[in-house]
Every structure is written in C-alpha cells, then in structure tokens.
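Quick look at what TrEMBL lists:
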DOMAIN    3-386  domain 'Serine hydroxymethyltransferase-like'
BINDING   Leu116, Gly120, His121, Leu122  (6S)-5,6,7,8-tetrahydrofolate binding site
SITE      His224  site 'Plays an important role in substrate specificity'
MOD_RES   Lys225  N6-(pyridoxal phosphate)lysine
Amino acid sequence: MKLKKSDPQIAKLIKLETQRQEDSLQMIPSENHCSFAVREALGSILTDKYAEGYPSKRYYGGNEFIDKVENLAIERVKKIFKVEHVNVQPHSGSPANAGVYMAICEPKDTIMGMALQMGGHLTHGFKLSFSGKFFNAVQYGLDEKTHLINYDEVEKLAKEHKPKLIWVGGSAYPRIFDWKKMGQVADSVGAYLVADIAHIAGLIAGGIHPSPVPFVHIITTTTHKTLRGPRGGIIMVTKKGIEKDPDLPKKIDKAVFPGLQGGPHENAIAAIAVCIKEASTPAFKKYAAQVVKNAKTLAEELTKYGFNLISGGTENHLILIDLRNKNITGADAQNLLEKIGMSMNKNSIPYDPAPPFKPSGIRMGTPAITTRGMKEKEMKQIAIWINEVISNPGAVKKIREKIKKFCKKFPLPK
Ligand SMILES: *Cc1c(COP(=O)(O)O)cnc(C)c1O
C-alpha cells in the first residue's frame, strides 16, 4: 500500500511478478512459494539492525531481542536436523559453502566435488567459481549407463589425490545419495566430508529422504528450496564432525564472521526460524511426501510419452530429461514451455555432447506446484501438456489458456 504511493514503478513490477507466479506453474526445482508468515518476518523491522558477532557476543548494542531471534533459529535447526552446532548467518547457499572452505582449507588445497555438468554445484570446484580458482579441484562424475554417482571413481580419485575436503550433494541429481559409502571413502583418506543438501533439505526435514548426519562432518544448505523458507544459507556441524575436530564449530563461526561477512541479516534469520517451525509440523511431512509422489508420477507419465529420463526416473523432487530423441534443445524446450506457462530450466545432461549454453536437457521439479496443493491427478495433466506442446508447438495458444484457468484453482500461499 505504502509502496504504491512512494514508488509506483517498483510496486507495479512486484504486482506483475505476482501475477506471473499466479498464472503459471513454477517448476524450477530450486524454487518454492514460502508462506505469508515467512515473508512477514522477512519484511520486518529486523532488517534495520546491526548485529555483527553471535548471540551474547555482539560488536553492537541493542541486540537483546535479536539474540533471542537468532538463538531460536539455531535451536530449531539443531532439533529438526539433529546436529550439534548451527550457524544461520550465511547470506545464501554459496556463501555457506565458502564458509566451509574458509574454515578448513588453505588456498591451493586439494578438494573434491561432483562436476557441474554431471549435476554438481558451481561451489564444488567448478573452474570459473572461487572454489575452482583458489583450490586444486578434482571433479568426479556419474556412471555413463546408470547415471548414478560413480562411487568407484570417487574412491579411486580420493585415494589418488588425498583431498582435504569432499563434497557430496548436487543441483540436478534425481537419486538418493549413498551417504554411507561417501562416508567410508572420506574416512579412508582422512578427508572432511560435507553434505550439501541445498536442494533436498525439505525432504530430509520432512523425513522422506535419508539424513546424512551419521556419515558426514559438516552439512550446508540453502533455506529457500524444498525447505520453503526465505533466501538464506545454514552450516551445521555433526557429532562426527566434532569428534574429528572439536574446534570445528568455532572454526565455522569464525569463518562466517569475521572471515567472510559483516552484519548478519536478522530479518532473514527470523524468517528461517519461522520456516523451520513450519517444517516441524505433520503438515510439512505430508508436503514433503507429496513432493516426491508428484515427481514420481510426473516421471512415469513423461516416460509413457517417450521422454528419456536421466537415471530412468526420480527418487526426489526433480526430473532431468534428455531431449535428444525429441529433436529439440533444452533452450528451445524451455522457451516453448515458458510460452504455455510452465517455468523450468535448460540443463546439461551427463556426458552432454552439446555446449553448456545450449544443453540437451531440461530440468523440472515439483516443490512449488506441490505447495499450491497439486497432486498426482494434476501431474498427469501437466505431463499431457508438456508432451502436447513438444510434439506440436502450434498448440501453444490453446494450452496457455487452459493452464491459466488451471492455475486459478491452486492459489499461492496467502
Ligand atoms: C542452490 C545450491 C547452492 C547455492 O545456493 P545459492 O543460494 O544460489 O547461492 C549450493 N549448493 C547446491 C547443491 C545448490 O543446489
């Protein structure tokens, strides 16, 4: 209301973006719709406050209530993920991962992660990222046939290169990670093992995906993907991590502040506390289970229409499709689907012969559409539309109208 008067240009753009989200299906697997309560905390007066330091050890006065907010967030994260130490200050997922490097690595140390083209993340050692520039990054990949992590290769590379740090986790991996196997490999070479659960944190919190806690030393996550909170990042230290290095919690905290960041965003931290409270409810457990059921249904339906799914299906919230047999590039499919009102993203597939800016795949996910209340029946309908427009781009206009109507039945969280 105030914004409309003081800055009508921005107010108008926010309104248009709201309409875009309402009238179309958000199927980018790293996106979600957070609750109004989360947005209320995020838009609160807490954004005005400086709080460099940690609860009861601040470099600024006036943090009586801020300390309570941050402590609540920390306690809730500890409880839901069953970890020993939590830092909720990283501004997002990449800064959380930077905090881990800062805490346990020196420049030029050897680290290992899954290659970006195989479904890993930029921060796991990609050459253009700080993680590939400042460290000696060894990259592992997927088995060419099964599209599962090639655990034999991971073991061989770890023995050969003796990394200080190994990442497990990814952004385009539709299968359950073998935390235990990765734990054995890391232990056999004395490396720190970090699970980056950015994509699947909500599935783990909801109890539908196995937790890495017993097998890893550190966990990092974003808070805005399946966890359904504000944009943010968290670093956690497990019991196993503290057993390896009792100073690990202190090192992590020092790495985030003063190592990498100044003042924490306490409005975002309050919103994280709210989202973790929501994630602790039976309703969220049901939500997490439905996200996976929906992804499985969508995967089965698309397979029936001849789509070629990487790894043959999904066990989580995302699907990666090799479009080569459909004679369309990932970029063209993304544009076409955008026209009918489905937002998803082009993506490299494992061993993609095409260049990364024109990849052969498309990645889609169910977190946001499940938040809107869609179930298996709706997934079947979505698969029909995807197949229809890819086989017949002339049908764009007709399908667009149908999807607009369809969306009205599933409002965004209010
Ligand atoms: C999304 C993601 C991140 C980084 O998150 P940002 O908030 O975009 O910086 C880190 N790791 C993985 C595996 C991710 O998928």
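Note: Cβ is positioned from N, Cα and C throughout, glycine not excepted.
Bear in mind that the values here come from a model prediction, so they are computed numbers and not experimental data.
The structure, with features from TrEMBL marked on it.
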residue: Leu116; record: (6S)-5,6,7,8-tetrahydrofolate binding site; contacts (Cβ under 8 Å, 6+ apart): Leu122, His124, Phe126, Ser348
residue: Gly120; record: (6S)-5,6,7,8-tetrahydrofolate binding site; contacts (Cβ under 8 Å, 6+ apart): Gly113, Met114, Phe126, Gln139, Trp167, Gly169, Gly170, Ser171
residue: His121; record: (6S)-5,6,7,8-tetrahydrofolate binding site; contacts (Cβ under 8 Å, 6+ apart): Gly93, Asn97, Gly113, Met114, Trp167, Gly169, Gly170, Ser171, Asp196, Ala198
residue: His224; record: site 'Plays an important role in substrate specificity'; contacts (Cβ under 8 Å, 6+ apart): Ser30, Glu31, Asn32, Cys34, Pro230, Arg231, Gly232
residue: Lys225; record: N6-(pyridoxal phosphate)lysine; contacts (Cβ under 8 Å, 6+ apart): Pro29, Ser30, Glu31, Asn32, Ala198, His199, Ala201, Gly202, Pro367
Listed recorded positions with Cβ under 6 Å from ligand 1, out of Leu116, Gly120, Leu122, His224: none
CB-centroid shell, 8 A cutoff, (6S)-5,6,7,8-tetrahydrofolate site Leu116, Gly120, His121, Leu122, site residues removed: Gly113, Met114, Ala115, Gly119, Thr123, His124, Gly125, Phe126, Ser129, Gly170, Ser171
Other CB atoms within 10 A, centred on Leu122 ((6S)-5,6,7,8-tetrahydrofolate binding site): 18
